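Look at TrEMBL and you will find 29-110 tagged as domain 'Manganese/iron superoxide dismutase N-terminal'. TrEMBL lists 54, 102, 187, 191 with the feature Mn(2+) binding site. According to TrEMBL, the domain 'Manganese/iron superoxide dismutase C-terminal' annotation covers 117-220.
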């Protein structure tokens with residue numbers, strides 16, 4: 001069954017206070033973002049089975065666990081239970097990061113991707129890395145070298161105005177851990193590639209450049225500069 005829907009950015013939790021209820025608050029739960037393409041649309045580079053499991057199972061689990069953790073955290077806040085608040089921080093970071101990272105990841109990919117970026121993004125890549133090929137080589141090397149599970153990122157350093165490459169462990173969110181604004185992420189958890197590429201992570205990283213949505217990356221750079 002196909003899945004043609006609209007991708008949204010991360011649906012952040014919002015809290016609204018009702019004058020009639022005084023201190024009572026309502027929270028909008030996070031939800032799994034839809035995709036703008038079929039699960040099989042990125043083949044042969046990423047197979048449909050991987051995409052379906054990755055999106056509908058793995059990402060959905062992060063969303064569900066994040067909502068549960070936030071509910072527990074809100075309860076702890078209401079009770080003034082600082083010990084529980086501290087104990088919940090790792091789960092918030094892991095599941096919140098997983099939701100943030102994957103929401104960016106789906107939009108970074110497109111069946112019409114690949115090729116080269118244009119305009120301001122391409123100029124920034126040439127300025128900071130010398131060429132697109134050099135940037136891809138550097139980012140690929142950093143991504144393949146992630147020990148265990150994690151992500152490789154192209155990010156924007158707002159302070160310096162330059163592009164940077166970084167790697168994050170597990171589901172650590174790029175901006176929350178490095179301060180860099182995420183532009184392009186490559187997921188190297190095994191669930192992102194093992195069914196198709198087995199343990200040959202370099203082949204997966206090489207293939208994913210064929211479906212990178214440079215228009216989305218360009219839009220993210222423009223937004224980051226504002």
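Heads up, the Cβ atoms here are built off N, Cα and C, so glycines get one too.
TrEMBL does not curate its annotations; it predicts them automatically.
Overlay of TrEMBL feature records on the structure.
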residue : record              : Cβ neighbours (10 Å)
54      : Mn(2+) binding site : 22
102     : Mn(2+) binding site : 26
187     : Mn(2+) binding site : 24
191     : Mn(2+) binding site : 14
Restricting attention to the domain 'Manganese/iron superoxide dismutase N-terminal' (29-110), give the mean pLDDT. 98
Cβ within 8 Å of the Mn(2+) site centroid (54, 102, 187, 191 excluded): which residues? 55, 58, 59, 105, 189, 192
